[in-house]
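Chemist: From TrEMBL, here are the annotated features:
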DOMAIN    10-547  domain 'DUF2070'
TRANSMEM  20-41  transmembrane segment
TRANSMEM  48-67  transmembrane segment
TRANSMEM  87-111  transmembrane segment
TRANSMEM  123-143  transmembrane segment
TRANSMEM  149-169  transmembrane segment
TRANSMEM  530-554  transmembrane segment
């Protein structure tokens, strides 16, 4: 499953979410609602204002008692109470006070039970403001005793309906986890960075052997982790590139974290394993390693794919691009198959890098890519027959606050043989893919500025900053004038850097718990439950006033 399809599933859930306005904006909106209510309802609006205040106070108390509530922020409380107030006012326009305030608890039930987790006691949190309001209205002679009793009956009916909806949606389970609870854990992560969802990932994980490696000079490290940087936020291996960047940055080293093949099945099953991987790369860095010589580089392409191949004495890198059509998470089987062929031909280690330099615009068939990769082996074989030379490498990195660039990190790396052969400039973005055509524009721009024919652009496709809102769930590096200004700065800085003339290579292998193919079953479950959840929630909100009205008529 590509990232585009993977995120389309989550977009369905998150597109209903909106960015909560600022507290100041909501306070102004609250005053406007109060003013309009008084204009059209006169003194009757005081009942709703009182209900709003009781509701706000009850939620504040609730969030202080239950510290893990996502509503601990006053802005969220204000948004929920204001939304509940507006809903009750809309219902009042077509019914009466009693029906409107009873019906309004459905908003509280959906919000609190969905976001804080399903629990019986949370129903009491939702109905206490209603009961306090109805008893107060009884004391002041506005409600009769029968209406207070009906308030209790109506709220119980709505709670029972919600519980049946919960039971209905809970039929869908994954590895013992109910779908509704999975959705809650997702929201905990999106809103609070809580990692409860990783318990699910850990349960479905499988042991896999990974083959990370590291290329290093005095000033630069190029890192291949052999895992995918997902699934999102601070879960799994999403933050591995950031932590690697910080780790080597503290050593005054520029770091480029490559994205190999594979998708979410190659995510770490839990973020707690990141620290142990950092230790692995620390050990690799301090090893002497194998001194590499440079045979050269070449580009080959067909009508769909373009390969940039860098041939060293003990390892070759193949950077895969798909200009004009886009690229997204190529299957790991290509890496396995190519490595077997390379070893059979005594070509050493060959690593395929997914450039992630063009957001996927059309689906692809890997048959033509596989054929081109095997053709690349022939060229690697040919290049390895040339006498290798020392390699010259220099790099520079900057941080610029640019759309889609994670932590603003952009790097430029230049390499060539000591005799001038195979000059190549790589542009590296920390980001989740790159906007269509920006790759080509950057290549042309850098060629013009540097005179280098061979240029390639890549991102590491990390998922550490996927957002809670649908429009921010998947943000590639965007075209922006400041991107080219940043490239200018990098080029000028690179010219002033001296070349390192020694490149070392260290590798290892280790067993690691990855998410495995089961992660896609989880996505399928979310895909399957979305229609039922959507219809149930909307129906619950829309039909509740009519149900309470019918109940009042019957009683």
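Numbering starts at 1 and runs along the chain as displayed.
Here the Cβ of each residue, glycine as well, is placed from N, Cα and C on the backbone.
I would like each feature placed in context: is it buried or exposed, what are its neighbours, and how far apart are things?
Modeler: Within the model, the domain 'DUF2070' (10-547) carries an average pLDDT of 93.
Same-chain neighbours of the transmembrane segment (20-41): 48-49, 74-76, 78-79, 82, 85-86, 89, 92, counting only residues six or more beyond its ends whose CB sits under 8 Å from a CB of the stretch.
Here the transmembrane segment (87-111) has long-range neighbours at 33, 37, 41, 44, 47-48, 51, 55, 80, 123, 125-127, 129-130, 133-134, 137, 142-143, 147, 150-151, 154-155, 158-159, 162, 537, 540-541, 544-545, 548-549, 552, meaning same-chain residues at least 6 beyond its ends whose C-beta is under 8 angstroms from one of its own.
Residues 98, 101-103, 105-106, 109-110, 113, 118, 123, 126-127, 130-131, 134, 143, 178-180, 529, 532-533, 536-537, 540, 544, 547-548, 551-552, 555 of the same chain sit 6 or more residues outside the transmembrane segment (149-169) yet have a Cβ under 8 Å from a Cβ within it.
Sequence-distant contacts of the transmembrane segment (530-554) (same chain, at least 6 residues past either end, Cβ-Cβ under 8 Å): 9, 12-13, 87, 91, 94-95, 98-100, 102-103, 106-107, 110, 150, 153-154, 157-158, 161-162, 165, 168-169, 172, 179-180, 183.
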